[in-house]
Every structure is written in C-alpha cells, then in structure tokens.
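Below: the structure, in structure tokens.
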Amino acid sequence: MNKFIVFEGIDGCGKTTQAKLIAERLNAKFTFEPTDGKIGKSIREILSGSKCQKETLALLFAADRVEHVSKIEEDLKKSHIVSDRYVYSSIVYQMSQGIPKDFIYTINDYAKTPDLVVLLDVDLNEALKRMESREKEIFEKIEIQKKIKEGYYSLINSENEKFMPTYGFIIIDTTSKSINQVFDEILNAIIDKIPDIIQ
C-alpha cells in the first residue's frame, strides 16, 4: 500500500531539497503547499507582501488544501506521495499570527492524515543565512521563525493530536550537516519506521 509522507519545518531548514530527494529515492510523486493551482498562486502573492486579513489567508490555505487532498488521494492509488508542507504548516504558522487553534482545525477538518511526518530542525541563525539569497516572505523574520519552531514542537508533544500521523514524527536536525548527510539520516529513519517502503 502506498504511503503519504509530509516534510515540515521552519523556512531555511532544507525541507524542499530533502523532500525532492526522498521522493526521487522512493519513486514517489512530489507535491507541495501552497499548490500551483489558482488558489495556491493567490496565496503566494499574499505571502510576497500583498495585503490580506490573517483569517482570509487561513481560509485560502484551507481551500487550496481541499484541491490538494483530492489530488493526493487520486495519486496514492499509483504511488507514494511526498509533500513539501501540509496542514501542520497551517496550524503553526497561523497560530503564530494569533488565529485560534480550534478555528484552524475546523476549516481543515477534511485534511487526510499522513502516514509519516518528517520535521527538519535547524539553528535559527543558520536558517536565516540560508534564506539570505531568497525573496523575503511575510513569515521570514527571526522572531516569527522562533515562534513557529516552538509551535512544531508543541504540536508533536501534544496528546490526542488531531492530525497525528500513523507512524508518528521523525525529527532530524540539519544544522551544520551536508545535504547528503541529512538525506541518509532521513532515509534510514523512514525505513526504520516503514521497512517495506522501498520495494
């Protein structure tokens, strides 16, 4: 049976790079949020600095996820899926803006629970160095990234978490490690959790 694996972490943790590498190694379909659909493109514009109420942005993310989940369920019939970000990003990023957790959970109620979540951690200063060459998005400020990092750990440690993955969470620290080192750690941890994932 095909598996749905999600990569999460603060900006600059190496998540997109590793998600793509793992997808390739597992012969999985790579996907991401926000998606490249119409709603996802609107979200990207807002993240680049367009004005928008925080609740509106939360609802847009949830609407984009409706489309994404539909595609994930279809694609899971054919292969494993690896997603760069998912509902956990909405929970921690939007809570960092003061949106109540219950509101975020309610609007994401339909979200499919993944089999496994890989959380990549990184020292905040190293994350900022990695992001220096990128265009800045509204969430890419050190105070916000610190809040988001704390939010991820709070989410992982909470009991009866609504979106608790079937095989739980894997946490990998990417600080001062090469791309290959991190990749090997992630792959070994995934195989340890789901031994039959590699055919």
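Each Cβ is built from the backbone N, Cα and C atoms, and glycine gets one as well.
These come from Swiss-Prot:
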type	residues	note
BINDING	Gly9, Ile10, Asp11, Gly12, Cys13, Gly14, Lys15, Thr16	ATP binding site
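Where Swiss-Prot records a feature, it is marked here on the structure.
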{"residue": "Gly9", "record": "ATP binding site", "Cβ within 10 Å": "27"}
{"residue": "Ile10", "record": "ATP binding site", "Cβ within 10 Å": "27"}
{"residue": "Asp11", "record": "ATP binding site", "Cβ within 10 Å": "21"}
{"residue": "Gly12", "record": "ATP binding site", "Cβ within 10 Å": "22"}
{"residue": "Cys13", "record": "ATP binding site", "Cβ within 10 Å": "26"}
{"residue": "Gly14", "record": "ATP binding site", "Cβ within 10 Å": "23"}
{"residue": "Lys15", "record": "ATP binding site", "Cβ within 10 Å": "23"}
{"residue": "Thr16", "record": "ATP binding site", "Cβ within 10 Å": "16"}
(message) DSSP secondary structure for Lys15 (ATP binding site), reduced to helix/strand/coil, please.
(response) helix
